[in-house]
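**Student:** Sharing a structure with you now.
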Amino acid sequence: MAVPSSKRRKLSHSPSPVADDDASIASGNQVEDIEEDDMSQDDDAEDADVGADDMDEDEDESEEEEEVQEKVVKAKDNKAQKAKSNKSQASSLEASSAAYTGGTFKSNMFKLQVDQMLQNIRPRQGKREATAAEALHKLKKQMDAIPNREPLPLLEAERDMIKKSKVAIPFPEPRPAHDVKYKLAYEKPQNINVVGSFPLKLSLRDRQAPLSIDMLVTMPKSLFQEKDYLNHRYFYKRAFYLACIAAGLKSSLKDFVFQFVNFRNNPLHPVLLVQPKESTSENNWRINIIPGIPEGTFSNSKLLPSKNCVRPAQSGDDDQAQDLPATPFYNASIQSDSHITSYLKLLHGSSTSCEGYTDACMLGRVWLRQRGLASESNKGGFGNFEFAATMANLLRTGAGSGKPVLSSGYSSYQLFKATLQYLAVKDLAKEPALLDAAGLSVTSENGQPVLYDGPRGQNLLYKMTSWSYQHLRAEARTTLKMLGDNLFDQFDAAFILRSDNVLTRYDMAVRVPCSALTATVSEDRQVLERYAKMYKVFSQGLGDRATHVTIHSPEQESWGLGSARPNMERKGDLLIAVNLDSANASRAVDHGPAAEQKKEAAAFRQFWGEKAELRRFRDGSILESLVWAANSEMPILQQIITFLLYRHFGQDAAASAVFSGDESSRLIKQSNGLAAFQPLMEAFKTLESDIRGMDDLPLTIRSILAADSQLRYSSVEPPLSSHRQMKRPADVVLQFEGSGRWPDDLVAIQRTKIAFLLKIGELFESSSEGVTSRIGLENEGEEILNQAFLDVIYPTGFSFRIRIHHDREQTLVERILKSQSAAPSEKETAAIALATYKRVFIKSPAHTQALQKLCTRYPVLSPTVRLLKKWFSEHLLSNHFSEEVIELFAINTFTRPWPYNTPSSPQAAFLRTLTFLSRFDWRADPLIVDLGGDLNADNVAAATTRFEAWRKLDPALNRVVLFVASSNDVEGTTWTDGTPAKVVCGRMTALAKAATAEVEAKSLALDVETLFVSPLADYDFVIHLNPAYTSNKSKVASGKYKNLAIAEETDAELVDYTPTDAYFHELQTVYGQSLALFYGGAGSTTIAGLWSPVTAARAWKVNLSYSTVPVKKGEEVIAELNKSAVLAEMARLGGELVKKVEANR
């Protein structure tokens, strides 16, 4: 709906200076911002090396935390004071700004980003454009000089063209019969014009992609007869005319390479592709010579989408043709040749009458390219021209009332967004839109959309299929959702990020060689019919398992002038890409119609064949059913698609199908959802029931909360996956009801907790048969921190670690921090105690509860988190990143999925998360994650304020490198205070970028396992561990009796005992000041390290904190790190745990 003129604002974008500029938006092979920050890459390189600041930190944590709090409070106070003292000035400024944007852009920042992007992508006149213009003049001059050809019978004309000019006429299929009555002739063009985006200055400036220019050659109307629109006669004459042009140019212009190519992948529209022989930056262009016809050559009424124009010989009569199926694609292909100039005028008129139109088209072009959409039929059939023509028509008119849908007073952003809204909301497949076509009735065939341009008699969407149209609408809806996000800036998601890679865009993909499909194809239209059949089969076969199915046909190649048109339908692979509904994708049994529904049951059996069977269910119903093998090595979806290919397209198609999208499932055990964790969840319920049933406890239980990755479905190894007993107990937080009987002293509270735990342990062992309990101590030497925990081990193998939460502790610790008399060391200890208290007793249970809910809402979140943790582990980063941070990385992919929709396969979600990590600028941006849909503007503002305060306090990033907040935790440093260091974050970013580049380069040929292989040569040394100790198992001699091995696996003393972990922690304690260690956690076979810069050669002195050797350098004796001795000592500490130590430098 158009806004009132009084409220509309026109925006003028200043024209760019005429210059040759290589700046451009992210190209087809890039996944990066328009302007990549050079410093960002430099910082990554710097972060790949250990800096002295990273390794030698001595910060007063309590003072820093207080300074952060003060900065946060000051920031809020300053904002309030400024708002009050400068109220009139601020009001004036805001009014001016609002008047300027006036609702025409999402925000001022968004407008600035759009303006900057438009400035970078507008076409500019440079050397490349000058050489292309020179080539256009040469081509026009030569085409004007091509002599006429007398009318010849088809066979003679074809033979003459091959013999004299060595040019094969690019006839479409079916080829014309040799005995046709009409003749082929050539006359000089009626006119020659440059059309398309080049003269309208709508093309994007991109120095990497060739400059594409369309050159229209209008054939004289005298060459055609009234009935030439029937049975391909027009296209045969068009092909001959094109061959004549090719022959004339080929003989005289030797500096160019001439080839035929199907324009926009339309087999009815071959064009002449002209490219320079020399490949230089100045010659990076291509010209398409397109034959066209004058308007009115054929009547619009004869070429309506509902008409049939391809008829058998006995059905040439219009009355007899009414019973034949319509040929909308064929008809529109003729119409498009006759209205090229008309659309050029329409688009030019829109750009002059609407100031924002040109820039809106540029926004649309960027949006389409980032999503892989184009005018080519194999890329959706909706590209730059369709977007511009749709917008131009909506500015002029509208369906129904005829009033314009868009207002000429809209800004470029408003026009862009309103066009997307029209595409997203209006279902043109169900309700065709007829623009300026009063009294005309046009229906949709097979779900094809219809946007009928009445004055030109053209369906603008004729190249679209039902699946590409649904894909376009889905992309439009997704973009509108992200642009409606008021919490975060979604400019990058809308215009910068690429989302066209099959592995990240879709949940599953299947490649089938075209040569393996059994159906023979003799005509071009049969190829489209085959694709339509495949779409129908897979849509019906997958049912509610899939939210969207799309078919990607292979790219059609150009061919030489003297060659026959290649058999496209037998080359390349056909790609079936699927987006899944994760709630239904893994269902093992499908229910069909009831037995009494005879017609529906017969159709069901006809479709599924021998796979359909009649089954009786518990509710008494008898239904046609399909049963798939749930425990098969082949996933259920793969079983279904293989069967559909075999049933409907032949054995060769089924046997040669290559599946992508589920390869990562073999990298983690029991990767299908939450089932592997259910036994532990049931055991936790038992634990809770047992504790609440203890009558002899002096206080009532308030809550028993899970606080462990195993209890939030996110541990890499499922509980009891390969053992008879959990090797690591699951953390649990127990809280009693409030009572005045608790002591009011921190040390005494810790002692009271121990007494409670001892009592609970006694009650467990006395009331529950087979349960073992044991008290453990922690934080020794820090009396005000939690001192003890209770391990409870059930005979079933499940074990839990219970800690007691008393909320009075926080008040007492904060009292110390505020005390004027407390010593600095006492305050430092109190600051550590407060952070630990919040993390263990408040944040961890809240995080666990949130992730539990999210894992039930998003079934593939659990395997995604586990895959991501596996990736961090394989790259030896696990010791630097807490599990919660890695989980938040993965959650962000689901709760803020832009530019995609929420993923429904673990692999797609994992790859999208890596893409995010490769782009995440952790130096300049906080990560704020929505954990349940309750994130609000206040949360974002609070987290952002704290982030800015930390960056001002710690600009060198010595203490807080990653700032990761959530709707449950706006502090942002709960999981990242002190770790990871800059060097580690730089390593993470570099690895994520390398993985993303591999995904982009390999696409469907990607071997996912290669993403989990870490380059060990980057480290200074690598300790290879003995495999006998690296899988949470103690060393078992090969000759040990089985019963003894079983007894050892169930030994309660081995719970929470991993030799390699203990070895790593000892190395960290002994050598942590002189090197940085990298370890993947339990199961990792290597420990790698980097020498710290503090160990660099220096003047000799006593009491250095690491092993040194004196080296004489000139007259001076310096101390160098004794690397060989340190490595030998590490090997000695490890004993038989260490297989070998490898020094790289």
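Backbone N, Cα and C atoms are what each Cβ position is placed from, and that goes for glycine too.
Just so it is clear, the model here is predicted, and its values are computed rather than measured.
TrEMBL feature annotations, pasted as is:
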- 1-12: compositional bias 'Basic residues' (COMPBIAS)
- 32-68: compositional bias 'Acidic residues' (COMPBIAS)
- 69-80: compositional bias 'Basic and acidic residues' (COMPBIAS)
- 86-95: compositional bias 'Low complexity' (COMPBIAS)
- 213-351: domain 'Nrap protein' (DOMAIN)
- 358-497: domain 'Nrap protein' (DOMAIN)
- 503-649: domain 'Nrap protein' (DOMAIN)
- 669-856: domain 'Nrap protein' (DOMAIN)
- 858-1013: domain 'Nrap protein' (DOMAIN)
- 1016-1141: domain 'Nrap protein' (DOMAIN)
- 1-95: region 'Disordered' (REGION)
**Student:** For the domain 'Nrap protein' (1016-1141), DSSP counts of helix, strand and coil?
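**Tutor:** For the domain 'Nrap protein' (1016-1141), the helix, strand and coil counts are 48 helix, 34 strand, 44 coil.
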**Student:** With CB pairs under 8 Å as the measure, which of the listed stretches 213-351, 358-497, 503-649, 1016-1141 comes out on top against the domain 'Nrap protein' (669-856)?
**Tutor:** 1016-1141
**Student:** Tally of helix, strand and coil residues over the domain 'Nrap protein' (213-351) according to DSSP?
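**Tutor:** The breakdown for the domain 'Nrap protein' (213-351) reads 60 helix, 28 strand, 51 coil.
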**Student:** With contact taken as 3 or more Cβ pairs under 8 angstroms (pairs 6 or more apart in sequence), are the domain 'Nrap protein' (213-351) and the domain 'Nrap protein' (503-649) in contact?
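**Tutor:** Output yes: the domain 'Nrap protein' (213-351) sits against the domain 'Nrap protein' (503-649).
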**Student:** DSSP on the domain 'Nrap protein' (503-649): how many residues come out helix, how many strand, how many coil?
**Tutor:** 59 helix, 39 strand, 49 coil
**Student:** Averaged over the domain 'Nrap protein' (503-649), what pLDDT does the prediction give?
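**Tutor:** Overall, the domain 'Nrap protein' (503-649) comes to a mean pLDDT of 89.
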**Student:** Please count the residues of the domain 'Nrap protein' (358-497) that DSSP assigns to helix (H, G, I), strand (E, B) and coil.
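**Tutor:** Its residues divide into 70 helix, 10 strand, 60 coil.
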